Structure formats: structure tokens, C-alpha cells
């Protein structure tokens, strides 16, 4: 790959109307040279050393790590794109020289277009071409003049010399033409790659949005591009704030740590995959638990920080961070023994990360391998909802003397993320979805389920007004992949201190330790909170009545990371045993 740099002219070439002095021009040139120098600074392929140029970085890797990139590319018969894939593979997966030497020219990695995306933005090593023969000192071949022999043209008397010079020039011209043709081919390939990677753009008119999950249709030229539900999602996990919140959620993090550290019979010498590794915390816990190797998969740019966290804690030889979506990546191994992931979102299924975990299971988990967590339950109950109603509904009709009740609408149309006191729950709980991580399918995550909620208040209370339904989820970690916890078995309600992150988590004693936690009102609050669904028409429930209904949940047609929820419900006598008969009230919501 060749490029040119245009050097600014010296002061003498500036027009007479210019007021720039020689000294100012020297400063400009100095700034330009400094910027160019910074742009060429290159990180080693194998360590954290930053070298001033790509050439220096390659020499460093040869001196320190005995690795010659040019020779390796020749050995593997790599073209320009193969070379780019190799560089990004080394940076992304942290390959050692021995692992690189084990690669073959037919390895499918060298056809993986995901490896054309730079791991380091503007990586100078991706632009450097060791075979580039262009130079500012190359002479442009001059046309050969035909002359008539005579005394004034002595060169005409040396035909052999002239012939040799002409042949050399023709040879050089042919070489230049061949290089130009190759450059044209490379440019064409690059244009095709860009087109395939980011989609065809309509230069004339903006594109129309579509509800289709797979594509939108543009106007004008009629081109179609794939809808992107992922970019914003992954970018949101590049910020520190969300990871600080999750790590300080001691219910979440301590539960994972206890399972990983308290079951050495599972993790000792196991190959583990961590889907959505984030900061790398679960990967490091798995390594600490004795894993032979951990593949930490992270699609967002946080993979760079995860790799540094792992190195600083001394696990770089055990944990390999791979930046990419689990649907697209390739592992150096065929199978893994355990898949661990913290995939749960609000109302369990928001963000649809479980889809990716199930893909990882089907692609990489060995037969009989373990998923952690192994089981989750989505749970529904009914609450008085007095506080939420006061804050979200009663607030609007009188605001500084004005009626703003038109603003109440969204509170009845969206799932509201709240922390609810356990005293507000006035019915039994109903499991509306029980997900076994070992057997669930992506299709099964769109569902509907019948429910019955019985009052938990006494007859002396006579009647309670219910203003909302409430969802939370329970999570189970089983050391046995064949175990499915029955609905009758309750989740553990344990004590967790807010400051438990200040010291290492201690493993539990014994073997085969099962761990569980709840995000419901009975347990300590978590960052997931609960999701409430306000009722436009509150329910008056008597102690001899119950709520029967159906709960519908599916991915949104406009954004697969969001959820559409419908709740169908009616009030019946506690003696009513009928299934599905009668008139139902229906309310629809978005979880986003």
C-alpha cells in the first residue's frame, strides 16, 4: 500500500501578500512533523512498547520476540488483506509466536472479514507495506528520443549502450505498470470490502425506516441495508459507569464468584468461555478457580481495557480476550467445557443477550458441558403501587398550579424500572417463564404463559386496590448440567453487604455447591431492580378473589433489544377453576 505526503512549500514560495515569517513557517513545519510522527507511532504486536515507526516496531518484535512479520506473511502466502487479518488476529487474540507458527495458509481465519476491522484505530502497521518499492528518490523514466547519427550526436555511434539503456527503461516501465495494476486491483477489492461491510449508501435521498428486523429499504436507487440494533447497545457498555454499578451490585457479583470458586471439580483444568466479559471479572474468577484456559469474548471496545485488567492481575497466560460478536468469532479450540455469562437484563430478557449465549452454546459447548447460570425464572406478582402511582401519575394534574395530565400517558405504556418494597406485594407469585440454559432455544424466548395470582392479605383487610403488576427474576447456578430445579424449590434469600467488593470472595466449603439469588422485593436490591406495569384501571381485589390471566412477551419488531409485553387479566372467585374462559382486560407495554 503506497501513499504520498505533500510537504508545505518554504517561505520563498508564499505570495508576497502573505505575512507569515520564516520563523512562523518553521513552527508550522515543526507542528506538522510532530503530528506526522505521532501518527506513525506503533505498538508492538506482543507487548506494550510504543515505537516511533512501524519499521521500528517490527524490528523490536524481531529482536525481542524473534518474530518476522514479512517472513510469516510469505510463509502463509498472505496478500494485503491476509496480512491485515493476521495483524488484527495477533492483537485481538494475543497470539504467541508458537501459536502463529501453527497457523496454516488454509486457515479459515484468513477469510474472516471481522478481522479486517482494526483492533487499534488508525494502526500504522496496517498501512505499512514492506514490499513498497516507491520512494521520493525514484526517478521518473524519461521518453527515449530518436536521433540521427552524426558528429554532433556521439551517442548514436554506441548502439549497444543505447539498446541496454532502453531495455532497462522498458523493464522499469513494465514494473511500474504492473505495480499500478496491482494497486488498482487492491483499490477495487477495498471498495468492495467497504461496500459489503457498512452497506450500500444512497447518495441522493435519505433512507426510509422499516419495521423489518433484517433490513430497511432505501428510496431513489432502491438499495437495502441491514438494520443495526447492536451498535448503540455495544457502545453503551464501553463506558465505566455501567460496569461500576454492576460490580458494586454485590448480590450479582458475589453470587457468580461463589459459584465459580466453590466448585473446583468443575473448573479445575476446564476450558471456559466468558460471553460478554466486560471488565474481565468473571474470566479472572474462572482462572482463579483453576481453569486451564479462558476465552473472554467482548464485542465492545472495552475489550482493550479487559485485556489490560487481565495482564495487571497476572492472568495473561490463562485468559485470551477476543474482541468480536460470539456469532462471528473463531476459537483456537473446537469446544469449551463451561460457558459463563452475565447476560440478564431488565425483566430478565431485555437486551436479548441470551440469544448470543445460546448461539455460543450451540457453536462451542462440548456435549454434557455446563452453562452458568443454568436456570432463570421470570416471576409475576401484583402490588398496591401507591408510591409509583404518586410519583408517575398523581404528580401531573397539578404542577405549580397547572394541569399537565397529558404527560401521564407514557407511564401506562412502558415497563417502569423501580425498587419496590416487599410490603407492597399483595398476591402470590407466578412463574411466567422458566428458562433452562442447556435446552432453551432462541425461538422459545418469545412466549405467552397463563398465570393465577391469589391474595396474600387476610380477610380482615377485606379489599385492596392493585395499581400495578410487577416482574422480577430468580437465577440459579447448578454444578450438574442435567439438573432442572423444580418450581416448588424456592430461591435462596441471603444477606449481602454493600462493601463486599473491598475484599476477595471466599469459596464455600464442600463439593457440588448450588447458588441462587433473586432480584425480587424479598431480597436485597440489585441494579436490575424490578419492572412495574401500571394499570390504567386499578383492580379492587377482595380476599376471596384471584387474578387470572395471560402474560405475553416478545422481541420488539422495531428493535430486537427491546420487548413488547401484553398482560391479559380478569378477576374471578378463588373457587374458579376454569381455564381461559371469560372476558379479559388487556394492556400493552414496551420494555426499553
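Backbone N, Cα and C define each Cβ position, glycine as well.
What TrEMBL lists as region 'Disordered' is 1-30 (among others).
If you look up TrEMBL, you'll see 73-118 marked as domain 'Protein arginine N-methyltransferase 3-like C2H2 zinc finger'. Here the domain 'Protein arginine N-methyltransferase 3-like C2H2 zinc finger' (73-118) returns a mean pLDDT of 87 for the predicted model.
The region 'Disordered' annotation in TrEMBL covers 121-172 (among others).
According to TrEMBL, the feature compositional bias 'Acidic residues' maps to 129-140.
Annotated compositional bias 'Polar residues' per TrEMBL: 154-166, in sequence order.
Marked as region 'Disordered' by TrEMBL: 197-225 (among others).
Per TrEMBL, the feature compositional bias 'Basic and acidic residues' maps to 207-225.
The domain 'Protein arginine N-methyltransferase' feature in TrEMBL is assigned to 378-484 (among others).
What TrEMBL records for 512-574 (among others) is domain 'Protein arginine N-methyltransferase'. Residue counts for the domain 'Protein arginine N-methyltransferase' (512-574) under DSSP, split into helix (H, G, I), strand (E, B) and coil, are 0 helix, 39 strand, 24 coil.
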| note | Reduced to three DSSP states, the domain 'Protein arginine N-methyltransferase 3-like C2H2 zinc finger' (73-118) has 30 helix, 0 strand, 16 coil
| Summary of DSSP states over the domain 'Protein arginine N-methyltransferase' (378-484), given as helix, strand and coil counts | 26 helix, 44 strand, 37 coil
